[in-house]
């Protein structure tokens, strides 16, 4: 291990030598990934158990962190897209999440079809986003601060009206039977005295959430990098004026992005409301998550949102297990460290 | 309501003459306010507006002069409040060292100012609209932290039974002394901001707001100037936090939650951020709405009302009521000339 690290360190200093800085980082990441894979899949010796409480607690925390990260990614990807393109800090994003969750709940319970609720959450919120963009933000274009203030006003009114309609009750969106239950994972939590391995069982639905987040993440990436609309959006993130000058209807692009962003928030609301619960105050929680994820990951970057969501989701859940009353500090520390080292965020572009 | 109307209206007019005489008239009116106001109007409206106005003033200082919209000012006030609860006396049976107020208050103010400067250092890693996001994240994280942490912040219940001190033979908890205490602090803060805005340092901060690159090129340490502005804002917010904790008699995560943080911004925006009187004006309007809107829309829907009012102000007049007044005033002056004898 030490022989591997030495050339990397010297390359970092001199810039020449056998291995480039990039390769050295690659080796470090590979080692970290190997360590993580062993922690998850291997059978722990006693001393690791002594440090990290128990394999079961650790593995559950990691899996919970991953599913939470999936949820955070769904919410934050819309936020980061909207910000990257329009420089619009949508502080009503948390309200969009909560509204999506309530709508999903209503549709799912009344129709009896959970999938219909999910679709409704996306479609209705996409329409709400479209209306917000056309009626409100287009009028305040180029005025960052006023746009932000308006979103704050909207979030206050929205939170209050949602409280009026759905009261302070906590709702749980019921998932269909085919998503219920737990599945065994190839993760050995303990070995019984007779040599039989005990595998970790984990709720199937949470794994589905993670899978959906990955699919949507890949889909977004493909849309941004392989389609014409995606090309326009990326061009708009880099230079809005130039995109407009080259004959693209920027307002149409803005409207599409806002609809996608808001729709994803609503979608995440239904999916998250099925995994956790729907209650007033969740809007603030997911707004904070989006803010931190985007600050950490870098504004306007989907990959950044994925990395940020992973960091924050894992930090939150692992923090919950190992130092419960200081869990939030861990999230905060990550944000501060990223700001100190890389103010524009991990994947953000320097300006 | 009737008791307040005569004192409030001329106040709003004379402020906007933007001369020293205006300030004096307002001060005299505010000093005479207890003569006409009941205890309720003295504390729940008068003192409370002054306290909220001070917290918003600390935001106005940062946003108006420095161009840094910080949403963490209520957290700074909360830190001062928690410090008072921890070092002073409280009923919660956690901490409460019982130190005298003349040690506790300076400590609380300094801790708050230090925390504010730290927030300044963190949020100044980036510029512009990012400041709002970072400070909102800090405020939210601090709220969740106080709620989760019992060893330092006593978690969800927070601290109760915190009392304003008695000295010079005056019980400062009584409505009239407490009102004058708040008025004294507010006047000092207001005067300091007004004076500071015209000082060399204040002008430098305003220049940094207008063109940071040029100021950097001229050899000014832009970040240091901003962080110092956060420190000063922290002193004001900290003092207001001490008054707030004495006013409420308690401090809990609910005092510093996100809606409280946003409330501070709403007050500053409604009042206007061009002049230090704006936050106080906004505080009076918001507190009056808070108190009397219950009769109009019911206690439940107050947030919708204030939210809509805020949206209207943002759309119609970006400079708040001060800006609105600035636009109407010339028309009124012409009207009075025409209709005059």
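Numbering starts at 1 and runs along the chain as displayed.
Positions of Cβ are set from backbone N, Cα and C atoms, glycine also.
For the ranges A:24-45, A:178-199, the feature annotated in TrEMBL as transmembrane segment maps to A:24-45. Listed as Cβ neighbours of the transmembrane segment (A:286-315) (distance under 8 Å, sequence separation of 6 or more from its ends, same chain) are residues 62, 65-73, 75-77, 79-81, 83-85, 91, 93-95, 97-98, 155, 217, 220-221, 224, 237, 265, 268, 272, 330-331, 334-335, 338-339, 344-349. With a cut-off of 8 Å between Cβ atoms, the residues of this chain six or more beyond the transmembrane segment (A:321-341) that come close are 52-53, 57-58, 60-61, 292, 295-296, 311-312, 315. The highest tally of CB pairs under 8 A with the transmembrane segment (A:203-224), across A:24-45, A:57-83, A:90-108, is held by A:57-83. Contact between the transmembrane segment (A:149-167) and the transmembrane segment (A:24-45) is not supported: fewer than 3 Cβ pairs lie under 8 Å, counting only residues 6 or more apart in sequence. Under 8 Å from some Cβ of the transmembrane segment (A:114-137) lie the Cβ atoms of residues 86, 88, 92, 96, 99-101, 103-108, 147, 150, 154, 173-176, 179, 254-255, 258-267, 269-271, 274, all in the same chain and six or more residues away from its ends. Non-local neighbours of the transmembrane segment (A:252-279) in the same chain are 67, 71, 74-75, 77-79, 81-82, 85-86, 90, 93, 96-105, 108, 114, 117-118, 120-130, 132-134, 137-138, 168-175, 205-206, 209, 212, 216, 229, 232-233, 236, 243, 286; each lies 6+ residues outside the stretch with a CB under 8 Å from one of its CB atoms.
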